[in-house]
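Among the features that Swiss-Prot reports, active site, phosphoserine intermediate is placed at Ser68, with the record citing sequence analysis. Among the features that Swiss-Prot reports, Mn(2+) 2 binding site is placed at Asp18, Ser68, Asp449, His450, with the record citing sequence analysis. According to Swiss-Prot, the substrate binding site annotation covers His129, Arg159, Asp160, Arg191, Arg197, Arg267, Ala268, Asp269, Arg270, Lys341, on the basis of sequence analysis. Per Swiss-Prot, Mn(2+) 1 binding site is recorded for Asp408, His412, His468, and the stated evidence type is sequence analysis.
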Amino acid sequence: MTQADNQNPKPMVLIILDGFGESDETTHNAIKEANTPTLDKLFRHYPHTLLEASGRAVGLPDGQMGNSEVGHLHIGGGRKVPQDLTRIDAAIASGEFYENPALIEALEKAKALNKAVHILGLLSPGGVHSRDNQIAALVELAHRCGIKKIYLHAILDGRDTPPKSALLSIEKITDQFHAYGNGKIASLIGRYYAMDRDKRWDRTEKAYDLLTQGTAQFHALTAKEGLMLAYEQGNTDEFVSPTSIHRHNETPITIEDGDVVVFMNFRADRARQLTYAFLDDHFTAFNRQVRPKLSAFVTLTAYAKDIHAAVAFPPLELHNTLGEYLSARGYRQLRIAETEKYAHVTYFLNGGQEAPFNGEDRLLIPSPKVATYDLQPEMSAVEMTNKLVEIIQNDDYDLIVCNFANPDMVGHTGDETATREAIQVIDDCLKRIITALQSVGGEALITADHGNAEKMFDEKTNQPHTAHTSNLVPLIYVGREAQFCKEVGALDDVAPTLLYLMGLEKPREMTGRNLITLK
C-alpha cells in the first residue's frame, strides 16, 4: 500500500520529548512544577498510556537508566535491541572480551615495540557512554598481555552521575594499577571538554592538547589530588579543567609516535570529535600542533563510517526499521531536530544508518552557542516549531519525526528553575503544533525516550540530580477516537503503534506490539 491508497490522516507527527519522564513525586519535579496548560489538556482529553524506557525493556541490564541513543533505536526499531553495554559486559563475563581480536592485535603491537597503551574513556559507572568496569577489564587485559606502560586518560562524568562522584571510580582503578605494579592515571579532564558533540572545537582542542602535549591548566601528583583541586576551584566532575598527573620534576605523560590508543566509550556521538582529531588526515577544525603516528587506534564500538579505526565490537545490523519500511512503500518522511538531538532522529532512529532513506528529508536547526543550556532554556525550540508548523501546513510529508531537546539538555544542568522554564516553552510549542495539525487533519503521537526533568534533586547524595532516570515515559495519541490497552508498553511498541495508525501492518522484524485500537 502507498500513501495514495491510504485514507488515514496525514501527516502523522511523532513528537519525542527528550528526557520527559513520568513521576508521581511533585517535589523537585520540573515537569509537575511547570505551568503546562497544553499537556494538561492532552492528558485530560486524549488517550494516553505509559512506556518502559530503561533496563531490559530497552536491551540494557536491569535497573540501568535509559538514554537518548537507546531510546531512539527502540522507537525506530520496533524491537528489543541488545545494547553495547549489555553485549560488552556479557563478553567480559564469558571471557570473550579477553580474546577480542581488535584489542589483542593492538596490545601485541605495543608490546612488540615496547610502546605505551593509552586508554581514553569516560571513567564512570553511569552506563550511558561507558562504564568503568569495562575500562578496568581493558587494564586487566593489557596487564595479561605484558604491557609495561599502561596510561589511563580519564574523562570525568558528573552528568549521567552525581556532579561530584568521580572519586570512587578513580580510587578503584588506582587500586587496580597498584595491585598490578604498573600503569597509572595520566590525566583528568571533564566531559564538557573531551566529549563535545556540537562542533565546539575549542573544547575538543583542550582535550587533544592535553593528550598530545600535556598542555594542562593544573598539575597534580595523584588523580585524587587533581580531582580535589578541581573541586576547590568550584568545578564539578563534568567541568574539570585539563589536569596532568605527574611528579613535579617529571614531564607530562603524552601520546607519542608508535603508541597505541584505545577509546573505551561505547556510545559514538560524544566520542567522534576527539577521534577525528587523531585520525582525520584532512582535519581543519583546529591546528594540531602535534599529531602522533600511532601503531593502532581502537574504538570500542563503531563511531562513524569515515572513522578508519579498528573496532572491538562492530554494530548489529537492523533491517526494516520504521524509516526503511516506510521508504520502501513510497512514504515521504521528514526528520527535524536541533543540533543536540539531530543524530538521534536520524542515525539512531534509523538503526545506525547514516544516509537518509529514499523519500526521507532532514532538517537541522542549530542549537544555541551557550556554555550550558540553563543560560538559554528555550534552546531552539521556538525556531524548530516555526519551521514545523510551516511544513505541516504545506502537507508534503506522510510522517514527520521531531525531537525537543530541552527537557533533557536543560535537565542535565541540574538547574530546576531553568528546566521548569524549558518545559513551559515546550508546552507552548506543542499547542502550536497540535493546532496546525488539526487544521489540516493530521495526527500526533507524543512520547519520550527516557526520563530526566522529572527528578532535579537527589535526596540521597544531597546534590542536584543531573542524570537520566529509570521512570516510565508517556505516550499520547492526538487524533481519532481510540483506546490504549491496559498493560504498560515499552519504547519498541511505538513503531508498531504508529504503523497501525497509518493503516499499515508492521514488518515481521518488529517484535514490538501495537498498543492502541481505533474505535
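Including glycine, each Cβ sits where the backbone N, Cα and C put it.
Cα separation, Asp160 (substrate binding site) to His468 (Mn(2+) 1 binding site), rounded: 6 Å. Annotation for His412 (Mn(2+) 1 binding site): spatial neighbours Gly19, Arg159, Tyr373, Asn452, Thr466, Ala467, criterion Cβ-Cβ under 8 Å with sequence separation of six or more. Scoring each of the binding-site residues (His129, Arg197, Arg270, His450, His468) by how many neighbouring Cβ atoms lie within 10 Å, the top position goes to His468. Candidate binding-site residues: Asp18, Asp160, Asp408, Asp449. Fewest other C-beta atoms within 10 angstroms, Asp160.
Of all the Cβ atoms in the protein chains shown, 24 others lie within 10 Å of the Cβ of Ala268 (substrate binding site). Among the recorded positions Ser68, His129, Ala268, Arg270, Asp408, the residue whose Cα lies closest in space to that of Asp449 (Mn(2+) 2 binding site) is Ser68. All protein chains considered, the CB of the residue listed as 'active site, phosphoserine intermediate' has 28 other CB atoms within 10 Å. Of Asp18, Ser68, Asp408, His450, His468, all annotated as recorded positions, the residue with the shortest Cα distance to Arg270 (substrate binding site) is Ser68.
DSSP assigns the residue listed as 'active site, phosphoserine intermediate' to a helix in the three-state reduction. In the three-state DSSP reading, Asp408 (Mn(2+) 1 binding site) counts as helix.
Of all the binding-site residues in the list His129, Arg197, Ala268, His450, His468, the shortest Cα-Cα distance to Ser68 (active site, phosphoserine intermediate) is found for His450. Following the DSSP three-state reduction, the secondary structure of His129 (substrate binding site) is coil.
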